[in-house]
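One structure is given here, and the rest of the page talks about it.
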Ligand code: AOF
Ligand code: ZN
């Protein structure tokens, strides 16, 4: 059903509001809500930082008496369960809202259609599926964890004009300029966790935190795939583990002899003391790792490199979105080729948008949710 122009316009505003708290409400989705009376917005709400209160009661509180007979636009089906807060569907009914317009139905088994049923039983007109694709994209992390039991995975790559992500034997090299790097900081602030392989952790010695003033309160959980626990204790990652969480994913050490076991154990103890959480997995295959991350409440993950780690996730089919930042520099001889380029994109990825930052450009590709 095609939405009326008004419905689309107000839902657009609800989606915009929802995006404001992206990454700050986990494990709850960041939902947006507007209350409209006589084609005027009289109340706005977004799920509060930390996940509660939900969007609807805040929008209703702002609307006050004007909510009676008004239309509520919500990006996600209002909840019907008595969780940590009373059901939003009940609040909408109690305030006398006349019509509720929803973008996406809630896959949470405690809700899943019950919110809509409650509203309809109370005589409220309900329409669902308005701007659904856009709504789904705004709730992608939440929907992916709920329906696929894994985080939504973004592969972020910074590539040179000749398609390289770095140079052999060199650590971190600047491929993009400050404006594109600021965009990456915003991406980190919106995401629950960020992952690199041990090769990148050693070669680049990155911090993987958010350092932009105003955003720095919210760094993602940092994760290193480190089969044999070889992350240096004096790396920046380990040195900051008491301030920003760091998870090191190890796989079973090869048990050739007892001394190897002992080194592994000693490293484990040292990392432990430095505040690092060591998680032991049977393998670092995404199909094993990702559900383990989801069960810790991680709904969104950025894979930042290097090429081997990127390929691990791409080949296993667990990348939902690719962000290609491309700078004008040419690396040439000794360059490390990017696992994907604009002309060599894995099938199933649709081009979503292009953004330019002075000399750099970002191309975003996404799979259907
Ligand atoms: C809404 N509006 O703004 C959000 C909703 O742990 P609780 O009690 O806060 O419940 C979490 C569930 O509530 C979550 O899984 C999802 O179904 C819903 N989130 N619902 O009506 C909101 N954030
Ligand atoms: Zn609710």
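Think of each number as a place in line: the chain as shown, counted from 1.
Glycine is treated like the rest: Cβ placed from N, Cα and C.
No curator has checked TrEMBL annotations; they are predicted automatically.
Quick look at what TrEMBL annotates:
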- 56: active site, proton donor (ACT_SITE)
- 54, 79, 88: Zn(2+) binding site (BINDING)
- 158, 200, 204: NADP(+) binding site (BINDING)
- 188, 208, 211, 304: substrate binding site (BINDING)
- 5-127: domain 'CMP/dCMP-type deaminase' (DOMAIN)
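Per DSSP, the domain 'CMP/dCMP-type deaminase' (5-127) is made up of 43 helix, 28 strand, 52 coil. Here residue 200 (NADP(+) binding site) is positioned 20 angstrom away from residue 211 (substrate binding site), judged by their C-alpha atoms. Listed in chain order, the extra residues whose Cβ falls within 8 Å of the Cβ center of the substrate site residues 188, 208, 211, 304 are 184, 185, 194, 206, 207, 209, 210, 219, 220, 222, 302. Taking the C-alpha atom of residue 204 (NADP(+) binding site) as reference, the shortest distance to any of the binding-site residues 54, 79, 88, 188, 304 belongs to 304.
Listed in sequence order, the residues 31, 55, 56, 57, 78, 85, 87, 89, 91, 115 complete the 8 Å Cβ shell around the Zn(2+) site centroid, once 54, 79, 88 themselves are left out. Apart from 158, 200, 204, the residues listed for NADP(+), the same chain places the Cβ atoms of 165, 166, 172, 196, 203, 206, 304, 305, 306 within 8 Å of the centroid of those Cβ atoms. Put simply, of the binding-site residues 54, 79, 188, 208, 304, the one whose Cα is nearest the Cα of residue 158 (NADP(+) binding site) is 304.
Less than 8 angstroms from the CB of residue 79 (Zn(2+) binding site) sit 54, 87, 88, 89, 106, 108, 110, 111, 115, each of them six or more residues away in the same chain. Non-local contacts of residue 188 (substrate binding site) by the CB criterion (under 8 A, 6+ apart in sequence, same chain) comprise 194, 208, 209, 210, 219, 220, 302.
Among the binding-site residues 54, 79, 88, 204, the residues whose Cβ lies under 6 Å from any atom of ligand 1 are, in sequence order, 54, 79, 88.
According to DSSP, residue 204 (NADP(+) binding site) is assigned to a helical segment.
Around residue 56 (active site, proton donor), the same-chain residues six or more apart in sequence whose CB sits under 8 Å from its CB are 31, 33, 45, 72, 74, 78, 88, 91, 92, listed in sequence order. By the rule that a residue counts when its Cβ sits under 6 Å from some atom of ligand 2, the binding-site residues 188, 200, 208, 304 yield nothing.
In this structure, 211 is the one among the binding-site residues 54, 211 with the smallest number of other Cβ atoms inside 10 Å of its Cβ. Within 10 Å of the Cβ of residue 208 (substrate binding site) there are 25 other Cβ atoms, across all protein chains.
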